[in-house]
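Trainee: To start, I am sharing the structure in question, which I have written as structure tokens.
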Amino acid sequence: MAKQIQAIRGMNDILPTQSPLWQKVEAELRASVSAYGYSEIRMPIVESTDLFKRSIGEVTDIVEKEMYTFEDRNGDSLTLRPEGTASTVRAGNEHGLLYNQEQRLWYMGPMFRHERPQKGRYRQFHQFGVEIYGIASADIDAEVLMLSARLWEKLGISEHVTLELNTLGDSEERATYRDALIAFLEQYKDQLDEDSQRRMYTNPLRVLDSKNPEVQALLTDAPQLSDYLGEDSKGHFSHLCELLDAVGIQYTINPRLVRGLDYYNRTVFEWVTSSLGAQGTVLAGGRYDGLVGQLGGKDTPAVGFAMGLERIVLLLETLELTKDIPAPVDVYVTAMGDNCKIEAIKVAEQLRQQLPQLKVMSHCGGGNFKKQMKRADKSGASIALILGENEIAAGQVAVKHLRNNNEQQLVARDDLVTTLAGLVE
Ligand code: ATP
Ligand code: MG
């Protein structure tokens, strides 16, 4: 037998048994953003490598070691997008969507990062994100957090996620703080791990985010960014907290929360769960007022977040919140004998025409009663319709209940639509 080809490590198929859960999550996401009046944007999956280098930052995990970068046939350096924000800004600038305008956008799609695959961490994964342009005030920061809280509610996971919040101030404030932090870290240089030593001068704030408990212990007396913030930054943050308090969204202020991408300023946040082990961040984002200008547009305030869909799906599975996912088929139509096939097809088509919400599968390929009923059961349908010669002669259809003990009914063809409409909502 020929050798089978396997999928690329860390890149998953979403199988037919899994896709109903994905579709449910996606439908809730679409409904939520639409309730806030946001518009969808779809960007290419491949961009110029420079776009990500200039936005995410040269000294970040993503750009240093996670990008899928390749040369195309023209010798241009291209990269499979590792995230959606940079592409959204690129598209916004390119099409004049950001210039003196407000935009509330959302996107959903695959992202690519060459990371070590493990539970909740893959090389192709999917993000759902929102990006808002042209609004500097904290009410929009609050809105995206309200939107995310509403999502958790709709998905039934509000009890399992918590919000961590921080402010990074403006770039000048961060620059002053950066110097103070470097001076502090220099005292402990020999005790820092390799990663932190490397980051110390290039991206010292990332040291705060270290997962190494020994590094974390050294940081106890490190200078705090909050002590370096000016009145404007402080006011922005306290206004955000006030709004969240007013709408009843709980949060923890985490002064070490810095995020791994360079473009953030002021507000940063993460929604985390303790139910997924190490990969506990399900949604992350913040404000990035400098990025539009940095990528060649006119300075435009911006805020957004990205959510990892695999982690949400995993969370729903872990919490066993997948029970109300509808089966792909409601009604399975069988035909007992070759003479009944045409009538069975007509019945199925009539149902699809008159009950467009109903999911109707026709048995194909013949076979005896037992075989057809087995298929009906396997399809997940709650009802099988049986068309045999007797039923057809009498202008009737037998309605067999597959998921409860109700008696089989004989229904006149003319009444079938009404009967089924009542049985399957
Ligand atoms: P992490 O700290 O888990 O590496 P990150 O800071 O790299 O996350 P972001 O770039 O902010 O993550 O992406 C936002 C969200 O996308 C994450 O919170 C997570 O839910 C999801 N995500 C990021 N990388 C992956 C991945 N490799 N596989 C699956 N989901 C991911
Ligand atoms: Mg990462």
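Positions of Cβ are set from backbone N, Cα and C atoms, glycine also.
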Trainee: According to TrEMBL, GLU83, GLY84, THR85, GLN127, GLU131, ARG259, TYR263, TYR264 bind L-histidine; which of ARG113, ARG116, ARG150, ARG178 is also listed for that site?
Mentor: ARG113
Trainee: What count of other C-beta atoms do you get within 10 angstroms of the C-beta of TYR264 (L-histidine binding site), across all chains shown?
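Mentor: Looking across every protein chain shown, the total is 26.
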Trainee: Hey, which of the binding-site residues THR85, GLN127 is the loneliest by Cβ count within 10 Å?
Mentor: GLN127
Trainee: Where does THR85 (L-histidine binding site) sit in DSSP terms: helix, strand, or coil?
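Mentor: In the DSSP reduction, THR85 (L-histidine binding site) maps to helix.
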Trainee: Which binding-site residues from the set GLU83, THR85, GLN127, TYR264 have a C-beta atom lying less than 6 Å away from ligand 1?
Mentor: GLU83, GLN127
Trainee: Highest Cβ count within 10 Å among the binding-site residues GLU83, ARG259: which residue is it?
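Mentor: Output for this query is ARG259.
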